[in-house]
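**Student:** One structure, as structure tokens, below. Some questions next.
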């Protein structure tokens, strides 16, 4: 049977009317009754109604689902915006408009962008929190933190992220400061270990294994910093003690070397010990400068030299005795060295005294001798000036007695200059003697002992000088009176017998102009005056046997001045005349 367009609903436009018309034609051909036709139409209407109803229900359900999806999308959008800290999103309409699907289509790309932004934000939060957790673990001393931090996706705002970044920066700064401190401590430990000759790696590994550079990560915890600080303090204290010990050994070596005159070649072997004698703790930086083996080597050398010192005790003791005698000799203090040396020999041979005690006692004697020499120095300097002035006075008198002193001989002008200087110096002798007497008496009053110069009381020397000077002045006066008498006598003879030629004067032998070895003849003190045993230095005996205290005033006459050239010439002429007279 051929199929028409009405029969084929796929061809042409098929509607309910065309189908109903086709059904009527079929019923007409078949001959269906009206009842069957009504029944069939009612059935068709019911089926159509059921289909519509079903479609409506499906459409309502689909709409409900779309509304729910739209509501969920809006809730998700609000949650994302809240989590990200965004109040609104660009491109999102402020008010809902259009169909449900249009609204969903408008929200969907926004949600996609927010989800991507959330994922990136979560990654950022995770990275920051991971770094924070890692640094906190390092500060706490836990270097093996592998757990990923939990990110709170309820607050992914930029403000919260900035807070985490600020916290991270503070922690990074603290980590940098701690790491700098660790490096400083490690550097100090390295330098101290180098100076002390200790193993650096074992020392820092004992503090914390991570401090070894091979691990690649160093602990910055409070415990590590505290232990490093404690280690540095301990090493510094060890360095201080070792330096003190080494300096003591170096001083002992120097003392022993000086005692035994150790040659420089042997001393140079221990330059590494003695170079730090005066160094402070911070100045010692040479590697192994304070190593234990070096200190032990110095201790062994000190012990060896101590044994050697005991065997050379006599030589050392006599060396110190010679030093003591030299100090007293320079101070012009008379001692009995032979008795002292015999006593030292007896003490050493008897073995009743420790060598160290004997040397310490001699060191004390040397120290006291130096103090005494220092107290005598001012007086001794003035004594030297006085004796030098007296020598010039003696030379000046010899020079004045020389008849040929004005001849144009070689060196005469030099002697003239010296004579002028000598007269100035001689004029100062009385004041110098007065000062010496005053200072000597003050020294004796202060110490309650007598000031002796090479065993002779200094006041006695000054007293004898004053006496000799007075005798010399009296002798000069006597010679002037004698000359005057001879001149007067000669004048009287000439008036009686008339003038007559003078007898030829005896030519006196030319005297050598210079200092006399012994000035006793003209009042100049020698370097060592020899006094009688009964003389006590405060009074002297005059020529007529009387005791005269001459130190209460000036040693010479107050009006004493040097002899002029004419007086000196007259003095020589008078002396020659007296010598030539029968």
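Placed from the backbone N, Cα and C atoms, the Cβ positions cover glycine too.
TrEMBL annotations: computationally assigned, not manually curated.
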**Student:** Quick check on the annotations: TrEMBL lists coiled coil for one of 14-48, 49-83. Which range is it?
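**Tutor:** Of the candidate stretches, TrEMBL labels 49-83 as coiled coil.
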**Student:** Pick from 154-181, 182-209, 210-237: which range does TrEMBL record as coiled coil?
**Tutor:** 154-181
**Student:** Do you know the DSSP helix, strand and coil residue counts for the compositional bias 'Basic and acidic residues' (472-489)?
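**Tutor:** Helix, strand, coil within the compositional bias 'Basic and acidic residues' (472-489): 18 helix, 0 strand, 0 coil.
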**Student:** Within the coiled coil (154-181), what mean pLDDT does the predicted structure show?
**Tutor:** 89
